[in-house]
Amino acid sequence: MKFVDEAYIDVSAGDGGAGCVSFRHEKYKEFGGPNGGDGGRGGHVFAVADPNLNTLVDFRFSRRHDAKRGEHGMGSDMFGAAGDDITLKMPVGTIISDAETGEVLFELLTPGEVITIAKGGDGGFGNLRFKSAINRAPRQKTPGWPGEKRNLKLELKVLADVGLLGMPNAGKSTLISAISNARPRIADYPFTTLHPNLGVVRVGPEQSFVVADLPGLIEGASEGAGLGHLFLRHLQRTRLLLHVVDMAPFDEGVDTVAQAKAIVNELKKYDPALYNKPRWLVLNKLDMVPLEHREALVKDFVKRFKFKGPVFQISALTREGCESLIKIIYQHVKAQQKAEQTPEAVDQRFAPDTE
């Protein structure tokens, strides 16, 4: 499956209905006066943030989205009915921008959030509106106003607390399936993951965080090599990066330290801010390393890699070390969330007396 994190759509709100020219026709009243109603407004186009979606793939197959126009006004003071609105479901985190100018118009960040992306036109006035002391029998009316039409670009940045990065076949998909509800495709060959996978990790009652598994990076990813560069942008909103390293590669001639350094260099080239994010080292597949050699292997790797941050030894396959890892991650994420919250202003009338 090809992950679509970018899509273009054309939306058209409904035009307003035209006003009506009409006069009352009653027995014994030759000049009954105007009674033409207004036209109905055109339908709006809404976008709603749906937490159950995590791709924009549906919009690749349905580009045009048109709301209904309003009905025309009629005689007997009858106003036209409003056109039916349409609501487009989009993943949480969708950025909506003008496809021609690139200007960001909206951003869906909260589940259930609803925004109006194209407003329907107002209905036209019927001749009832033009009645005055001077003009008792107006024959004026106005057409409905046109609805908004927009060519939009949709872009999705995955909203995850934790991002997994590493070389292809490092065991990232096995890790996310071991600690979360995600069930990505897993196989014993590189580039199994072709699109981002999101998983919710439940640490305890009302304690959880979201983790994103992205396609593996290779050297030259920041210049467009491989698949990973297409999804590096998804890591920009994460609070923590887990650098997963395969400590038991099939090819014994592979230099795991050189591969790990290549990943870090790609981050630095792509975005210095991404490089400076909190990054932890997760040494995976240690179940395949003999116990008597494990400590020396880990110590040698960390020394050659010159890594100063937290280091975790796990086996995603047997889940060894995973439980303690997710608890520490949750504590870090909660601390980050608390630090990001802006303190509420305190009304000085109710502020505690510090004297």
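Glycine residues also receive a Cβ, built from the backbone N, Cα and C atoms like all the rest.
The Cβ neighbour count for Ser173 (Mg(2+) binding site), using a 10 Å radius over every protein chain in view, is 24. Taken from Swiss-Prot, the feature GTP binding site covers 166-173, 191-195, 213-216, 284-287, 315-317, and the record attributes it to sequence analysis.
A helical conformation is recorded for Ser173 (Mg(2+) binding site) in the three-state DSSP classification. Summarising the annotation, Swiss-Prot assigns Mg(2+) binding site to Ser173, Thr193 and lists sequence analysis as the type of evidence.
Annotation comment: Swiss-Prot describes 1-159 as domain 'Obg'.
Positions annotated as domain 'OBG-type G' by Swiss-Prot: 160-334.
The Cβ of Asn169 (GTP binding site) has 20 other Cβ atoms within 10 Å, all protein chains considered. Counting other Cβ atoms within 10 Å of each Cβ, the binding-site residues Lys172, Lys285 show the lowest value at Lys285. Across the structure, Lys285 (GTP binding site) and Ser173 (Mg(2+) binding site) are spaced 13 Å apart at their Cα atoms. If you draw a 10 Å sphere around the CB of Ser315 (GTP binding site), it holds 22 other CB atoms from the protein chains shown.
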